[in-house]
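J.: Have a look at this one.
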Amino acid sequence: MQQCPNPDICGSCGFSHLKYEDQLAQKKHLVNCAKIIPSPKTTHYRNRMDFVINYQGKVGLREKGKWWSVIDNHTCFIANEKIEEKFAQVRKWVQTCGLSFYDRKGHQGLLRYAVIRATTTGETMINIITSQPTQAEPESLITSKLNDLHATTVIWSVNKSDSDISYGDEIRIIKGDGYINEIIADLKFLIRPNSFFQTNSHGAKELLDLVVSFAKDVKPAKILDLYCGGGFFSLGVKKAMPDTEIYGIELVEDAILDAKDNATSNNLDIEFSVGKAEDLNWETYKPDLVILDPPRSGLHPKVLKTLLELEIPNLIYVSCKYQSFAKDYQMLSTRYKAKDCVAVDMFPQTEHVELVTFLKLQ
């Protein structure tokens, strides 16, 4: 199996020294569940990589424990092969285009990140994140330089703040349609520059199939999909259970636009709305089942309180950080019992694992 070229200084893959079966055993032990579903691919599975551009023009991943230090020309063995191809092109472009590099200490300079995405359909996206254009480096010059890059779609994102984040407030399409397409379980998904999408397209089908199987056991009339993102779980469940009413709620407006487009392109009737889970009017929905896929920090305290007060009959909790689920389950377990708990290895070579728990009201 291919190995990391810089295992001592790159901290991204903490389990890469272990055989894959040993990785699975460790993860299964960590989450204390009876079953773990392996990833169909254990290398070259990531469909998105965020490469840092530093003040010296180095392009790569950060050195372990040193946010200011970049491992130049670091090829990642868990990244999709097409991402590796595009990385070579982008690195050469960064170092020859003549545009300035961003200094994270002085907050000066232009080029900040190169985010590269690739789907199983073979489509690719290059998204260059910069600071705001200046008189010395005007918009026309930057656009001209970006036209030298080649992918299914090339994006220029402008981050107007000093925050060190790999997305922009303004998005400009340089080439292509401004999005790429992915297909999971015969469902079509549109991915825009700021879209969240499961980073392992191969393991995503396993994750979706598991959530669908739990939902089928309930046979709900109404489902509320909280933190629905681009509608990943909503679409899969609706396809399997077309007579079920599904409502998706998500804070990020761009994600809801994705979700609506995804539902339309798959001819599925799902109602998606922008909103905070903690401010929801639950009486509007009265669900038999709630699908929960919160951020790494877990559920908002108000959401936990509401779930317990309203006594929703069934919950499916999807967690990318099992420690957060364990914290939330301490409260949920006063009224709910975990009927099934399955780990899905969405992140081979790393210590991370996805946990899906089916909870029933007692």
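Note that Cβ sites are derived from N, Cα and C of the backbone, with glycine treated the same way.
Pulled the feature table from TrEMBL, pasting it below:
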type	residues	note
BINDING	Gln198, Tyr227, Glu250, Asp293	S-adenosyl-L-methionine binding site
ACT_SITE	Cys320	active site, nucleophile
ACT_SITE	Cys320	active site
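For each feature listed, report its degree of burial, its nearest neighbours and the pertinent distances within the displayed model.
T.: The local packing around Gln198 (S-adenosyl-L-methionine binding site), expressed as other Cβ atoms within 10 Å of its Cβ over all shown chains, amounts to 22.
Taking the Cβ of Cys320 (active site, nucleophile) as reference, residues of its chain lying under 8 Å away and at least six apart in sequence are, in sequence order, Arg296, Met346, His352, Glu354, Leu355.
Under DSSP, Cys320 (active site, nucleophile) is assigned to coil, being neither helix nor strand in the three-state scheme.
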J.: Counting other CB atoms within 10 A of each CB, which of the binding-site residues Glu250, Asp293 comes out lowest?
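T.: Among the binding-site residues Glu250, Asp293, the sparsest Cβ neighbourhood within 10 Å belongs to Asp293.
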J.: Quick check: which same-chain residues outside Gln198, Tyr227, Glu250, Asp293 lie with their CB within 8 A of the centre of the S-adenosyl-L-methionine site CB atoms?
T.: Phe196, Asp225, Cys228, Gly229, Gly230, Phe232, Phe233, Ala255, Pro294, Val318
J.: Hey, does DSSP put Glu250 (S-adenosyl-L-methionine binding site) in a helix, a strand, or just coil?
T.: strand
J.: Max CA to CA distance in Å over the S-adenosyl-L-methionine-binding set Gln198, Tyr227, Glu250, Asp293?
T.: 16
